Every structure is written in C-alpha cells, then in structure tokens.
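Now, the feature entries from Swiss-Prot:
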TRANSMEM  37-57  transmembrane segment
TRANSMEM  75-95  transmembrane segment
TRANSMEM  120-140  transmembrane segment
TRANSMEM  156-176  transmembrane segment
TRANSMEM  185-205  transmembrane segment
TRANSMEM  214-234  transmembrane segment
TRANSMEM  265-285  transmembrane segment
TRANSMEM  296-316  transmembrane segment
TRANSMEM  337-357  transmembrane segment
TRANSMEM  381-401  transmembrane segment
TRANSMEM  413-433  transmembrane segment
TRANSMEM  438-458  transmembrane segment
Amino acid sequence: MAGRGGELTEALVKKTGREEEDELGMKEKVWIESKKLWVVAAPAIFTRYSTFGVSMVTQAFIGHLGPTELAAYSITFTILLRFSNGILLGMAGALGTLCGQAYGAKQYQMLGIYLQRSWIVLTGGTICLMPVFIFAGPILLALGQEERIVRVARVLALWVIGINFSFVPSFTCQMFLQAQSKNKIISYVTAVSLGLHVFFSWLLVAHFNFGITGAMTSMLIAFWLPIIVQLLYVTCGGCKDTWRGFSMLAFKDLWPVLKLSLSSGGMLCLELWYNSVLVLLTGNLKNAEVALDALAICISINALEMMIALGFLAAVSVRVSNELGSGNPKGAKFATLIAVFTSLSIGIVLFFVFLFLRGRISYIFTTSEAVAAEVADLSPLLAFSILLNSVQPVLSGVAIGAGWQGYVAYVNLACYYLVGIPIGVILGYVVGLQVKGVWIGMLFGIFVQTCVLTVMTLRTDWDQQVSTSLRNINRWVVPESRDANQISSEE
C-alpha cells in the first residue's frame, strides 16, 4: 500500500509540474527550452571543432613531409577511417536513444548498464572492421590508387587501428554524458587535448624529425587523453546516480541493443558516405583537377557548418528522448520545434553570407584564379547545401531520440542512393553539367530526404511515441533495489 501511495504521489508531483509548465508564457517556454538545448548543443559543437582541429593539425604537419605522405594521409582518413567512423558513430547513436529515454524516465541505474552493453557491441563491431585497415594496401590498389601512395597509406592504416578503437569509449561516453546534459567536461578535455597535440606534433615532427611516426603518435595521444579523463569522470564519482559500477547485467539483453545499433549505424553511415560518393563521381569527370580542388574547398566549408548542425542533432536527440522517457509528448514536440527553428535561423544567416561572399572566401584556401572562379560558380550550391543541412540533421536527431533509426535508414537509402546519385550522374555525365550537375543531383536527394523526414515528424503521434518509449523502458529495466552486480537464478 505504501508503494502504491508513493507512485500516486510521484504522479501528482509530475502532473503539478506539467501544469505549472503549461501556465508559463510562450516567451518563457522558448527561453527555458532554448537553454536546455544549448546546454547540450554548445559543448557538442565545440567538441566536434576540437576533434576536427586534431585532424587538421596532423594533416598540416604530414603535409610538410611531402606530397606523397599528404596524399596517403588524405586517402586513409577520407576513405578508410570515414568508413569505420560512420558505422561506429551511427551504432553509438543507439545508446543516445536508450540513455536519453531512461534518464527522462528517471531509471538512472539503467544508463550505466546500457553504456556497458554498448561497449560490448561496439568493440565487436570494431574488431570486425580491423581487416579494412590490415588489408588497406590491396583495398586501395583495387580502388585505383597509385602504388607509391598506397605504400605510405598502408603504414598509416596500421596506426589508424588505435584511433578506430578509441571511438568505442569516445562515442559511447559522449552519448552517456549527453543524455544527462553533462557533456561540458568533454569540451574542456578536447580543447586541452588539441593544444597538447599542436605542441607534441611540433616536438616530434618538426624538432625531432620523427616524421609519420611522430605525427601519428601525437594524434593517438590526442584521441586517447580525453577518453581517459571521461572514463575517470564517469566511473569515479562524476555520475553517481547513473554509474553503479561494472555489472554482469551488461551481458544480458544484448540483442535489442545490437538491433538498434545496427539500425543507427545504417542510418548515419549512409549520410556520412554521401559526400564521399560526390568526390568519387567528380574525380571521374573531364578536367577533374580544378573541379576537385574547388569541390574540396566547398566540402571543407560545408563540413565546418555541418558541425553546428551535428551539435543540434545531438542536442535534439537528447531533448526528445528525455521528454519521451518522462512521458511528456508536448515537451518532445516543442523541443523539436525549437531545435529546428534555431538551427534553421543559423542556416539562413550562413546561406546569405556565402551567397554574398561567393568566390572571395576561396582565397583562404588557394591562390589559383581558376580554382577561385570554380568556387564562385559553385557558391550558390554551397549556400543551398548549408541551408538544407541546417534542417536535415536536426530531423535525424529527432529520429534518434524517438528510436526511428531503422525507418530513417531506408529513407536515406532511397533518397540518397536511388534518387540523388542517379540524378547527379545524369546531370553531370549525360547532360554535361560536370561537377555542378553531380552536386545538383546530390542536393536533390538531400531535399527529398528532408521533405520525407519533415512529413514523418509532422504526422507523428507523440502520445503513441511516449507509450512506445515507456513500454521499451519497462521491458528492459532492472529494478533499482536489485543488486546490479548479480543475476538472480530465475534469470
């Protein structure tokens, strides 16, 4: 009877809190939701820029070793590491769904168990991806790369195995901490790591002349240092409510986590590989050198803006999953609206900035007049890419928060690879629009995908989503009173 009374009291408290929230004016609601959004988005954006900075610093130091080394680095990271990164980051997205909804439902003891289950699943995935790096030489030769570049890339690929394994604790700890809006710590340590990486790269490459060995050693330190700090923070008191120690329960109910991880991996890697396909298609066009240089500049600019959008993807997935887990359908819908509006507002500003600047911004990256002219010609497409990318990742974040990854994977496959790429091939090769035609086709694929996700979001029954989320939470939950490090005989 006492337990029943406790449940009733908790329900009344929740209801009273909701009623107070409903009585707030629209300005106050927007302000409160925006603060919750930026608490996750700002550190997520900063972390992505710091991680991107580590790669850029390494590229700069390796570039001074020679053009062959630079080409090998670019191929290794653009083709091999992006391939595995897309899969593992996508698979970690499942943890964002599970932890976010469990945290919203106040089932705090489950977050640590979900984290450990994701470590098991992603470690298995990383081991399965190892042959890609071990046999990098034959793979790159089969893709038509020059043998002299492949010889260096083969060495780099073995170093990258260590970076690939760092993604397991890195991505999972990020999702675990983001679900609790505690990801500030990640931004602090990645900033320090970037500064140390610059110093160690100079020391090992420029001062001691250790070449590729020095550059990759510094990079490994830069990737693993933040992870060590995050793991210490999680396991040594920074998350007392959600980390209850290592548990044998991590080995139970792995199948639902694996299924959701595979759906998440399919959803995100199909998005991340899309730009790689654009580069491959452009490389086969006539007079591709100038086009590739211009496209590389445009993609670099687009990637910088994309980090803002990916920050909002992380934030809205947390907000939606938290609200669904807490049984608040209105809150999930409102969080979606605020995230889309905020990201779209930033996208509109950047859209007009790049339309106005056109080719002038290219002189930051090149001194070639031909390349600058090509960038100016591509600037309208770059501006539209930035505009679309301010909405599409946010809607993908809503999908992660709600657990729709499997559906969105099919949407991405159809829109990108059955619509966007074929249209790009026709416009680029048949109609003769060259790189512009390929990009228009790819943009059309993104536009169709954005429209489909928008319709899916608008037609969502949020009350039904709450019921589905709570049903899943109750199915997998471990009672808090139970010893988390034991599995009872009846199980």
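Each residue, glycine too, has its Cβ placed from N, Cα and C.
The stretch from 37-57, 75-95, 120-140, 296-316, 413-433 that makes the most Cβ contacts under 8 Å with the transmembrane segment (214-234) is 37-57.
Contact check: the transmembrane segment (296-316) against the transmembrane segment (75-95) gives fewer than three Cβ pairs closer than 8 Å, residues 6 or more apart, which falls short of the contact criterion.
A Cβ distance under 8 Å defines the sequence-distant neighbours of the transmembrane segment (337-357), meaning residues of its chain 6+ beyond its ends; these are 30, 33-34, 37, 301, 305, 308-309, 312, 315-316, 319, 379-380, 382-384, 386-387, 389-391, 393-395, 397-398. Highlighted: of the candidate stretches 37-57, 120-140, 185-205, 381-401, 413-433, 120-140 has the greatest count of Cβ pairs under 8 Å to the transmembrane segment (156-176). In summary, the transmembrane segment (37-57) does not lie against the transmembrane segment (413-433): fewer than three C-beta pairs, each 6 or more positions apart in sequence, are under 8 Å. Tertiary proximity for the transmembrane segment (381-401) is limited to same-chain residues at least six positions away from its ends with a CB under 8 Å from its CB atoms, namely 93, 96-97, 100, 264, 267-268, 271, 298, 301-302, 305-306, 308-310, 312-321, 324, 332, 336, 339-340, 343-344, 346-348, 350-352, 354-355, 407-408, 436, 439-440, 443, 446-447, 449-450, 453-454, 456-457.
Outside the transmembrane segment (75-95), and at least 6 residues removed from its termini, the chain residues within Cβ reach (under 8 Å) are 55, 59, 114-115, 118, 121-122, 125-126, 129, 132-133, 136, 139-140, 143, 145, 149, 153, 156-157, 160, 163-164, 167-168, 171-172, 174-176, 257, 260-269, 271-273, 276, 279, 317, 400, 405.
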